[in-house]
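Comments concern the structure below.
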């Protein structure tokens with residue numbers, strides 16, 4: 001089949017699915033489903049009652065029937081085309097399956113099966129089919145280049161960042177679409193089943209990510225000779241993405257018709273972000289790198305960027321993930337979004353303040369290490385005194401924010417974390433003993449206690465278990481880095497375990513600490529705080545961790561060590577995410 | 001039943017795992033920092049051993065508390 005015909009069929013299917021979603025929202029708003037009680041047609045009601053609402057319901061069913069035909073025609077066309085082997089066939093199949101699911105859920109509703117699951121799946125199925133159709137179209141319209149260009153250095157880093165930003169935006173738009181979908185189907189039902197967010201905050205998050213992606217795409221993407229015309233639209237029209245997100249957000253505050261606006265806008269945003277992500281993944285661009293950007297930046301922006309970098313945003317992001325997820329698994333139930341926002345702000349200020357004080361104290365070490373020598377203090381852009389005062393101000397602000405807007409105990413733990421990291425670890429442990437990472441790991445394990453006490457106001461056994469998981473996670477994670485950077489640490493005079501006891505001892509202790517960490521990660525199930533969903537997650541993730549730790553012990557080459565280091569970051573985030581999933585799904 | 005099984009499995013690994021850690025700390029106490037460069041500070045071996053034992057005791061306490069909380 002000609003590529004043009006195939007694309008037409010797929011685009012018609014996408015348009016009809018969107019029409020199905022919009023007409024379905026109209027059915028809900030007008031409550032016309034109640035006047036049409038037979039399936040698939042309701043001719044009796046049409047003849048007898050002359051109620052105009054019947055037409056809305058029938059129009060929706062007509063769109064469903066046409067879209068179903070188009071989706072399956074698209075599936076057949078994709079499978080028959082010789083140019084679409086691989087992923088597009090799978091996504092087209094997924095689209096057809098979801099569309100069929102939503103049609104069956106619709107029939108169940110009409111037949112009077114009083115199942116909220118069917119109600120939610122009716123629209124969710126259509127939205128998921130819409131996402132899968134968009135992905136199919138993008139995969140076919142933007143083929144993988146025959147000889148992919150390999151970028152290096154900062155351009156490669158920029159490419160990776162934009163790609164991951166695009167996929168995160170698509171994921172956030174998808175979650176927001178499902179959350180809005182749930183609310184549209186069941187008015188007043190603000191929380192999507194198994195989706196840890198309500199529709200307003202989900203759309204807000206999607207809006208933030210899409211604004212970020214749009215700005216980055218405009219600033220960084222530079223077309224090259226081979227860039228196809230479709231891909232050029234990304235940097236040129238990227239601002240439509242946040243506009244759609246804001247429209248969806250606006251709709252959330254307008255009664256009745258707002259659902260229709262939100263739903264349409266978020267569905268379009270989802271499709272657009274999916275296509276943008278595929279374009280960034282496959283199309284050749286050149287990238288305006290950060291170095292070029294810094295040179296042209298005004299002085300105040302450089303100063304602001306330096307002060308922000310003192311707070312170590314990358315390190316903090318993982319700490320905040322553990323704080324955030326902990327807030328959703330306490331016995332006190334789901335927290336309010338204001339509490340979450342204030343805890344995140346307080347947590348960032350506390351960790352950022354401690355990080356800035358660490359930068360002030362550690363400048364003599366940092367200057368001797370390749371990884372840290374370009375930080376603002378060792379490179380002389382910010383004085384030690386200024387960094388210390390900045391850290392102190394952030395720390396005080398964090399205590400005030402947490403005390404006023406959360407609980408005094410959360411503020412206490414934040415203060416404990418600051419003192420632990422900035423003075424106990426930085427000022428003493430790090431420079432004096434190879435136990436620095438083990439005992440110092442306690443500082444990084446405090447954020448879950450902040451999150452827990454911000455919600456409950458007290459400490460329970462589960463909170464201590466969370467502390468212990470991160471405590472035992474820290475040595476394998478940081479020793480993997482220390483194994484790679486041991487010459488830096490030796491030059492800087494830091495007694496890290498690989499420097500003082502050698503690689504073999506470190507690799508052995510990494511294995512032992514990993515085993516203990518995995519064992520401790522099972523305790524939430526034993527004490528009844530988590531159930532089988534978390535158990536499966538913890539076991540699967542833990543086995544992978546042990547495989548990597550085993551490779552470090554037995555093989556010990558750079559690939560194995562970097563593998564463990566990178567996976568350990570993912571592991572911690574996923575273990576905590578598994579707890580949230582368990583709590584939200586099982587309760 | 002499952003909870004007990006998981007608990008004892010975790011306890012054996014986590015508490016048993018303290019033994020090689022204490023042995024390692026003892027080894028480093030007896031033969032301190034043979035490979036460390038001159039500019040790297042030498043820590044007090046007894047304090048290092050003390051930290052390791054303290055961590056082991058804290059872990060034991062955690063499992064003790066978890067045992068009491070078993071369903």
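Any Cβ shown, glycine's included, is placed from N, Cα and C.
The transmembrane segment annotation in Swiss-Prot falls on one of the ranges A:148-168, A:337-357, namely A:337-357. When Swiss-Prot is compared with the stretches A:464-484, A:485-505, the one noted as transmembrane segment is A:464-484. Annotation: stretch A:315-335 has the most Cβ pairs under 8 Å to the transmembrane segment (A:464-484), among A:58-78, A:123-143, A:315-335, A:409-429. Across A:58-78, A:123-143, A:315-335, A:409-429, stretch A:123-143 shows the highest tally of CB pairs under 8 A with the transmembrane segment (A:93-113). Taking Cβ pairs closer than 8 Å, the transmembrane segment (A:260-280) reaches residues 14, 18, 21-22, 25-26, 29, 127, 130-131, 134-135, 137-139, 141-142, 159, 162-163, 166-167, 169-170, 173-174, 176-177, 180-181, 184, 199, 203, 206, 210, 213, 217, 230-231, 234, 238, 240-241, 244-245, 247-252, 254 in its own chain, all 6 or more past its ends.
Computed over the region 'Unknown' (A:1-317), the whole-number mean pLDDT of the model equals 77.
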